[in-house]
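Okay, structure first, notes after.
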Amino acid sequence: MFYQLLHSVLSLVGILSNAFMMYLALKKSPKIMRSYSVVITIKTGTDILASSMSFFVMQRIITDGSSIVVNPTGPCTSFGKSACYAGHMFMLCFLEYDLVWLITSYLFRYTILRGRELCIKKLVRIAFYVFIPSMVHMGVWISIYILTESESVLKGFGIETDDMILSGEIIYWSSITLLTQLFITACLAVVAYTFIRKSLSKFARKMSVIKTNEKNLRNRLVKVATFKLILPSFIFLGITVFVAMFTRLLDYQYGQYIVSVCFMFSPVCSPYAYIIFVPHYRKFIFGRKENVPKLEQGQCETPESPRNTPNLPYIYYI
């Protein structure tokens, strides 16, 4: 009961906080931030979907190395096992895409540092293209799902036979595959963070003679990027707990509740990076004036802007 309550609260907070952040991105972003507001909107939309799927399934993931059992306890149980398995796959897929888009947002910052800004249409196309592999992979697993479970497995994990459980070869290999992909994507997100941080440090050294308010952009960018490093950390923690159960270093009676909860903290915490560190959003929430430069909106792409020019204040807002 407590697990379901905790799951419900985290899911609700994730949905509401990301919906609020999406509203800020769409309605309260300055014109200079129009392109980046699309990045934020896609990110928060993915987080809303991940939180919704988490609430829909409310799953416990149990393993002892020889088998993997998913025990859904959410609203999906009213629609059958196939619906719960689809929700399980959708949640993992959205978490993976969330990390992929996090990497994309780091690369977006880098393109701006290089004096180029992608237009909205290109950003939407990129978002669609990077989502295709995850959707195809997830669709294949769902299409070959077979309703199978073993009573011996249920008794071994102490699960009542009247509980809805998902088990079998498809559950085992699809979970292993997607969790491995999550781990690899989280590692790539850390690599992307390291790359953008080094780029920002070089950019800061070039700004040694620029006025103070523009120097602050490096610190803001680093703070946002560092805060977002928390997101793959939750994925790492959830996968670590799963591996500990898989290798029998951790009793499944404790680990089964931790994996999904750790995953949920990633979409829950994501919007606060923008709320805390982006001046315009903070100003709207707290009603405080922010000292930001007045700038003209950038073009879709500005190759005429010198790539090595350190004076690129329009990324101050990001």
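Using the three backbone atoms N, Cα and C, a Cβ is placed for every residue, glycine included.
Features of the protein shown, as given by Swiss-Prot:
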| type | residues | note |
| --- | --- | --- |
| TRANSMEM | 5-25 | transmembrane segment |
| TRANSMEM | 38-58 | transmembrane segment |
| TRANSMEM | 88-108 | transmembrane segment |
| TRANSMEM | 126-146 | transmembrane segment |
| TRANSMEM | 176-196 | transmembrane segment |
| TRANSMEM | 226-246 | transmembrane segment |
| TRANSMEM | 258-278 | transmembrane segment |
The transmembrane segment (226-246) and the transmembrane segment (126-146) contact flag, 3+ Cβ pairs under 8 angstroms: no
Long-range Cβ neighbours of the transmembrane segment (176-196) (under 8 Å; 6 or more residues past either end): 68, 89, 92-93, 95-96, 99-100, 102-103, 106-107, 109-110, 141, 221, 225-226, 228-229, 231-232, 235-236, 239, 242
Contact between the transmembrane segment (126-146) and the transmembrane segment (88-108) (at least 3 Cβ pairs under 8 Å, separation 6+): yes
